[in-house]
Amino acid sequence: MGCLGNSKTEDQRNEEKAQREANKKIEKQLQKDKQVYRATHRLLLLGAGESGKSTIVKQMRILHVNGFNGEGGEEDPQAARSNSDGEKATKVQDIKNNLKEAIETIVAAMSNLVPPVELANPENQFRVDYILSVMNVPNFDFPPEFYEHAKALWEDEGVRACYERSNEYQLIDCAQYFLDKIDVVKQADYVPSDQDLLRCRVLTSGIFETKFQVDKVNFHMFDVGGQRDERRKWIQCFNDVTAIIFVVASSSYNMVIREDNQTNRLQEALNLFKSIWNNRWLRTISVILFLNKQDLLAEKVLAGKSKIEDYFPEFARYTTPEDATPEPGEDPRVTRAKYFIRDEFLRISTASGDGRHYCYPHFTCAVDTENIRRVFNDCRDIIQRMHLRQYELL
């Protein structure tokens, strides 16, 4: 009996030793995970719908992951290539859908605008009828006649005139880009370029995380849908955020949001920025402000058809600040416009600032890879300081 008791105690002793070793391993792994977690910079991309948030994420993949070779930059080249091929095939369909939506939206708007727009060539009416007839066809297979009709309509001066009034209806930003490329997109062996993939518009629904590394520093970037019904999901991402990148479509000063076809898009962005800046959960989180779509803003300002003061009367009294630094060769009208928009946001951050968080504005063009590379490099020091402050190391 005594021997049996000692044997049992030995078993217990071995079991306890094994348990202690297992606990040590778990504790070591937890400490390692904690170190990795604390060393990771978590960036939350916020902004109103169609401001360019998802395009910023795509640029991070081009610059810091592995381009569009799979979601996570796989180490296995074959797996990466397989993912890349599958993703690009999906994107071809998305690009074709963008092209179809663009021509449908423009020709459908022609009769609805006040005053309406007529075709320059009335013989193209049968082409309009065709485009409208396939508008709601599910799983559309893009036959050759679709491209033929779309191209002929895009070359019609009446359709172009309707496109010029696109601020009066809801049209995706990439409409002209893909309509100009009909002959390329229609090819059976068409493979999208990085620029095509950057321009492609797909509505973001839910929360998407992109992980990348820059100079051995880990970044997690969270892209959240910007439409009003998506914003209730944002609160899920607020915990342990290093910084917020707030993206604004600067060119949207003469447009209205899709959700109600009434609210000015830039005013919506200003209201949203104010609510985030004053949010009690975010009072210590600084905001990097991406004043995006500078290329489209410049086009609108120089075209002179939609004046900012018609939508924001205070612009008439605005003068370009002395510390403004225009881009080389930039028209003074463009400089004045972009700094006015910048200062509208800075008025919000300075009016309610308590010194616990700051706003860092940058002028961006999300489809320009070099611009985003330069801006993100400029932001890295800011993000690093925020991260050190977050863990009270600064």
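Using the three backbone atoms N, Cα and C, a Cβ is placed for every residue, glycine included.
Quick look at what Swiss-Prot lists:
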REGION    1-23  region 'Disordered'
LIPID     GLY2  N-palmitoyl glycine
LIPID     CYS3  S-palmitoyl cysteine
COMPBIAS  8-23  compositional bias 'Basic and acidic residues'
REGION    42-55  region 'G1 motif'
BINDING   47-55, 197-204, 223-227, 292-295, ALA366  GTP binding site
BINDING   SER54, THR204  Mg(2+) binding site
REGION    68-90  region 'Disordered'
REGION    196-204  region 'G2 motif'
REGION    219-228  region 'G3 motif'
REGION    288-295  region 'G4 motif'
REGION    364-369  region 'G5 motif'
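GLY47 (GTP binding site) sits 11 Å from SER54 (Mg(2+) binding site), counting Cα to Cα. The DSSP breakdown of the compositional bias 'Basic and acidic residues' (8-23) into helical (H, G, I), extended (E, B) and coil residues amounts to 16 helix, 0 strand, 0 coil.
With the fewest other Cβ atoms inside 10 Å of its Cβ, the least crowded of the binding-site residues SER51, SER54, THR55, THR204, GLN294 in this structure is THR204. DSSP states for the region 'G2 motif' (196-204), grouped as helix (H, G, I), strand (E, B) and coil, give 4 helix, 0 strand, 5 coil. For the region 'G4 motif' (288-295), the number of residues in each DSSP class (helix H, G, I; strand E, B; coil) is 2 helix, 5 strand, 1 coil. Per Cα geometry, THR204 is the residue among the binding-site residues CYS200, THR204, GLN294 nearest to SER54 (Mg(2+) binding site). For CYS200 (GTP binding site), the same-chain residues lying six or more positions away in sequence with a CB closer than 8 A to its CB are LYS91, ASP94, ILE95, ASN98, CYS174, PRO192. The DSSP secondary structure for SER54 (Mg(2+) binding site) is helix.
Around the Cβ of GLY47 (GTP binding site), 26 further Cβ atoms fall within 10 Å across all displayed protein chains.
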